[in-house]
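Trainee: Can you keep this structure in mind? I'll have questions shortly.
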Amino acid sequence: MESRNNNNNNNNGFVNQSFVGSLNASTISIPGAYKTKDLTNGSKPDPVAPAAGAGAGAGAADNQPEAEAGAGQQGKQRASWNNDIEFLMSCIALSVGLGNVWRFPFTALENGGGAFVVPYLIVLILVGKPVYYMEMLLGQFSSRGSVKVYDFSPIMRGIGYGQVLATGIVTTYYATLMALTLRYFVDSFYPTLPWSYCRPEWGANCLDSGPQEASLTHAAQDAVRTTSAEFYFTNIILREKASIDDGIGYPSWSLALALAIAWVIIAGIMFKGVKSSGKASYFLALFPYVVMLILLVRALTLPGAFDGVLYFLRPQWHKLLEAQVWYAAVTQVFFSLAICFGNIIMYSSYNRFGQNIYRDANIVTTLDTFTSLLSGVIIFGILGNLAYENNTTDIASVVNGGPGLAFISYPDAIAKFKVLPQLFSVLFFLMLFVLGIGSNVGMASCLTTVIKDQFGHIKNWMIVVAIAVIGYLLGLLYITPGGQFVLNLLDFYGATFVALVLAIFELVAIGWIYGVKRLCRDVQFMLGIKTSLYYRLCWGVITPLLMFTILIYTLVQYEPLKYKDYTYQSGVYVFGWCLSAFGVGQVLFWAIPAVRRQPSNLSLWARIRKAFEPLPNWGPADPGTLKRYQLYVQEGQASAMFQRSSIWHKIYDNIFG
């Protein structure tokens, strides 16, 4: 895939001796090592020469106002991981989450079982791996968060702000899922699982989720019956209303307490930034696999488990011709890996400059896929047992999908275990809680990094506490009787749709405004490796086109959003689309000041064009490395002056140059 330059062993990145000259004699310490002291060892670094700055793509004098906005980026020490493994573990904890454990198996079920796995793997190769690697590269190369990373094209900085908005919305409701998980975790210690039996007030249509005699299973075949697990989740945990026309109600005190505990844990892990979250990442990344292995052994030893696993893996090839299957595969990869939300850029921005992120990106994306498949085997092994216990061969009939899947179908399945259901319930919900905390820490850290980059004088713990308090107060909305209605609305209009549109903007900005060719040169400078044709084609053509196709499919197939059978009032839809417009509109909103900061003596069109160019200080954070990079870019621009300038040649050169 990638060919490493064996002649370059410099941990500081690839440096071509022909144009570096005496700069190698710099007293700057090697940025390839993690440092807790001043990078310059007490010596003041030389200021970047204006001539070198011009080589970065824009004249230093011309872009001076914009450069001052990011002043100090190279001059101050940025926090970093304690070691390379902490970064890898943190990425695993972020990307391997609830989407792998409960979303993937049932997305596969709805889209042809084994037939879904084929397009899923194809999409992983064409979208997941290239974008994950690309975002890691930008973050590590620039040591900037998800907003400041757009210093490579200031007019596109609104993409970062829009992604922060989407991440903030997801962060607030994701924590409430942790509160629900914590509530179920505590309930699992009862001598009898509280969702395993019906209450009198639930009526005759309630069906015990716990083990029961076969004669009772078929007692009322003509009536549509609801399991006690669903009644428990809807009536006791959520206290859910039939509609929100008269308001959403008041928060549940037990869930409010659980939400507070979740945010205390999240804030505690983030308290000292990556120094503390990095240490916690070992447990957050590895513990879920311990539980999954225990559940795997148990699931595969259940009667009927083999039939369930076969159902999961047996392909239905005609499904490959359905657009919905490919749409489901793209969205699964997109949200499972947490790409295009700014989180990956944020985490990699704390790396040392020469870290081998090509290896790390491959490890995380492969492990994410493995976890999804492992979860599928576990879940369908359990479902095969449920079908066996109910004397049916229709695996799909024993479970319901949807947002409440983790809190209805799984508890219902666990309640049917005849041996130690409490133990497996405790392990399962503890695993879900740890998975969720790992992802939530990553998303909340993204918000912290953006604020810290903008207001460097504010202490990290103050930002963390503020985010936790605001996140908790907003999270109370989701634990009201109408909270799931609100969650469903904000998830689509504030997160999913906004992230999809901004992902396309991001891919175009990086692949065609900054340029695939220049990104590949940056990779060679930083890692000393040449980028393969596979990544070039994906970054430049395949991935953007595929994402654009998904967006068109989403708009064509759009129907007014519903929660269960409830249709929102028209004003709610107006609010939803306004929220989407606000998120996507950040691109235009932040483009205006980027243009206005350009020299006033230029025409409007010239100022717009200049706003697309990188800032003079764009590049590595270390001043010495930045000097070498600027000379490296200047040399590349000099050689480009002798190339043909036709539009088709520029397109070809951007991808293959």
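Residue numbering: from 1, along the chain as shown.
Using the three backbone atoms N, Cα and C, a Cβ is placed for every residue, glycine included.
Pasting the relevant annotations from TrEMBL:
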- VAL96, ASN100, SER336, LEU435, SER439: Na(+) binding site (BINDING)
- CYS198-CYS206: disulfide bond (DISULFID)
- 39-77: region 'Disordered' (REGION)
- 85-102: transmembrane segment (TRANSMEM)
- 114-134: transmembrane segment (TRANSMEM)
- 164-186: transmembrane segment (TRANSMEM)
- 253-271: transmembrane segment (TRANSMEM)
- 283-306: transmembrane segment (TRANSMEM)
- 326-346: transmembrane segment (TRANSMEM)
- 367-388: transmembrane segment (TRANSMEM)
- 426-449: transmembrane segment (TRANSMEM)
- 461-480: transmembrane segment (TRANSMEM)
- 492-516: transmembrane segment (TRANSMEM)
- 537-558: transmembrane segment (TRANSMEM)
- 570-592: transmembrane segment (TRANSMEM)
Trainee: Are the transmembrane segment (461-480) and the transmembrane segment (85-102) close enough that 3 or more Cβ pairs fall under 8 Å, when only pairs 6 or more apart in sequence count?
Mentor: no
Trainee: Cβ under 8 Å, sequence separation of at least 6 from the ends of the transmembrane segment (492-516): give me the contacting residues as numbers and ranges.
Mentor: 131, 134, 138, 150, 152-153, 156, 159, 162-163, 165-166, 169-170, 331, 334-335, 339-341, 536, 539-540, 543-544, 547-548, 550-551, 554, 561, 576-577, 579-580, 583-584, 587, 612, 614, 654-655
Trainee: Can you give me the residues near the recorded Na(+) site, meaning same chain, not VAL96, ASN100, SER336, LEU435, SER439 themselves, Cβ no more than 8 Å from the center of the site's Cβ atoms?
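Mentor: Counting only non-site residues, the set is LEU94, SER95, GLY97, LEU98, GLY99, VAL101, ASP368, THR371, GLY438.
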Trainee: Have the transmembrane segment (461-480) and the transmembrane segment (164-186) got at least three CB pairs under 8 Å, pairs 6 or more apart in sequence?
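Mentor: Since 3 or more Cβ pairs under 8 Å link them, the transmembrane segment (461-480) and the transmembrane segment (164-186) do come into contact.
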Trainee: Does the structure show the transmembrane segment (164-186) and the transmembrane segment (367-388) touching, where I'm treating 3 or more Cβ pairs under 8 angstroms (sequence separation 6 or more) as a contact?
Mentor: no
Trainee: Please report the distance from the Cα of CYS198 (disulfide bond) to the Cα of LEU435 (Na(+) binding site), rounded to the nearest angstrom.
Mentor: 30
Trainee: With pairs closer than 6 in sequence left out, are the transmembrane segment (537-558) and the transmembrane segment (283-306) joined by 3 or more CB pairs under 8 Å?
Mentor: no
Trainee: Once the chains shown are all counted, how many other Cβ atoms turn up within 10 Å of the Cβ of CYS198 (disulfide bond)?
Mentor: 21
Trainee: What's the CA to CA span in angstrom from SER336 (Na(+) binding site) over to CYS206 (disulfide bond)?
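Mentor: Between the alpha carbons of SER336 (Na(+) binding site) and CYS206 (disulfide bond) there are 35 Å.
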Trainee: When you tally the Cβ atoms that lie within 10 Å of each candidate's Cβ, which of the recorded positions (VAL96, CYS206) has the highest tally?
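Mentor: Answer by Cβ density within 10 Å: VAL96.
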Trainee: Round to a whole number and give the Cα-to-Cα distance in Å for the pair SER439 (Na(+) binding site) and CYS206 (disulfide bond).
Mentor: 35
Trainee: May I ask which residues of the same chain, at least 6 positions away in sequence, place their Cβ under 8 angstroms from the Cβ of LEU435 (Na(+) binding site)?
Mentor: VAL96, GLY97, LEU98, ASN100, VAL101, PRO288
